[in-house]
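> Below, the features straight out of TrEMBL:
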DOMAIN    6-120  domain 'Tetrahydrofolate dehydrogenase/cyclohydrolase catalytic'
DOMAIN    139-301  domain 'Tetrahydrofolate dehydrogenase/cyclohydrolase NAD(P)-binding'
BINDING   Gly165, Arg166, Ser167, Ile231  NADP(+) binding site
Amino acid sequence: MPATLLDGAKLAAQIKDEVALETRALAAQGLRPGLAAVLVGHDPASEIYVRNKIKTCEQLSIYSEKIMPPETITTAEMIALVDELNARDDIDGILVQLPLPKQVDAKRVLLEVLPEKDVDGFHPMNVGYLSTQRPGSVPCTPAGVMEILRRSGIEVAGQEAVVVGRSDIVGKPVAMLLTNANATVTICHSKTRDLPGVCRRADILVAAIGKAGMVTRDFVRPGATVIDVGINRVTEATEFARFFAGDAKREADFAAKGSTLVGDVHPEVAQVAGALTPVPGGVGPLTIAMLMSNTVKAMKLRRGASTNAPAMSAKN
Ligand code: NDP
């Protein structure tokens, strides 16, 4: 029996509806969450991501601001820009769209974002909060992976989970979240021996590699849940045929656009997995939904703290 497809677009819509309810309740108290997106340069993928983030903010009544400094910006100027946003009370979340131009020290800039406004969850302070199970921002894509599992009723506690990929943005935080949710977690990477064998141990297999269709059916234990984080654009006809030969819908899409998206998981895995996230329409849509959710959470945590402050100082 083919795998159940886990519909990320539907789950993302649910999460956005919940965020919209929250922003409505906040508006009734005269409060509005705000997100600033800093976009440097003209990377086409980054432009699309930022446009979609701003559009989603508008749909959910979150104030948003797009800041586009010149491509020649220096590290010091970026730091000054982040400092200005850090100081603004109407901005709850600061998103520095990566990649930054070569002359900018991206790690230094990300360190400058106040941890309480770091809605991407990349600041070492938030990484530490996640590792020690304290409240803080969790990176959006990994948070989305956990929402897919939770909202699809897939048991995590006590399960064998294998994460392929150990990046700071996806692999490591996914592994940490699964550990916090009581899975038994193995992290794999490019130096892992017998990768298919290790992956076959998984009840839950997460692929965050960046290699089109690398996870084939021999990586997957029959009935396992497979979460495909990868987004890879295929433009070569031979590569396309390797994944989608005989799939009329994909063939029409490829003929019209000259490209199509494939995950890190080969589509043949649908024949063995118990449940699988499609690409597109799986993990992808959750990322923006979780960014919206993180922005509202950041606002509640930070402004909640500032409203408590006068009461505390009055006591002292
Ligand atoms: P990175 O390139 O930062 O990390 C890739 C990881 O995969 C590394 O840990 C690397 O190992 C490992 N890897 C590479 N080749 C192999 C191999 N042959 N065998 C085993 N492991 C391997 O990528 P990201 O984590 O940033 O992204 C991963 C994928 O997820 C990409 O396709 C990206 O586009 C997608 N993505 C999707 C998002 C979404 O919204 N759905 C958001 C973010 C990313 P090593 O450490 O040893 O080099």
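Placed from the backbone N, Cα and C atoms, the Cβ positions cover glycine too.
No curator has checked TrEMBL annotations; they are predicted automatically.
Tell me what's around each of these sites.
Proximity of Arg166 (NADP(+) binding site) to non-local residues of its own chain (separation of 6 or more, Cβ distance below 8 Å) is seen for Lys172, Ala175, Ile187, Cys188, His189, given in sequence order.
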> Suppose you look only at the domain 'Tetrahydrofolate dehydrogenase/cyclohydrolase catalytic' (6-120); what would the mean pLDDT be?
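For the domain 'Tetrahydrofolate dehydrogenase/cyclohydrolase catalytic' (6-120), the model's average pLDDT rounds to 96.
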> What is the Cβ neighbour count of Ser167 (NADP(+) binding site) at a 10 Å cut-off, with all protein chains included?
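Here the count is 16.
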> List the same-chain residues at least 6 positions away in sequence whose Cβ sits under 8 Å from the Cβ of Ile231 (NADP(+) binding site), in sequence order, or say none.
Leu261, Gly263, Val279, Pro280, Gly284
> Under DSSP, is Ser167 (NADP(+) binding site) part of a helix or a strand, or is it coil?
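For Ser167 (NADP(+) binding site) - judged by DSSP and reduced to three states - the answer is coil.
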> Please find, for Gly165, Arg166, Ser167, Ile231 as listed binding NADP(+), the greatest distance between any two Cα atoms, in Å.
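Greatest Cα separation within the listed binding residues comes to 16 Å.
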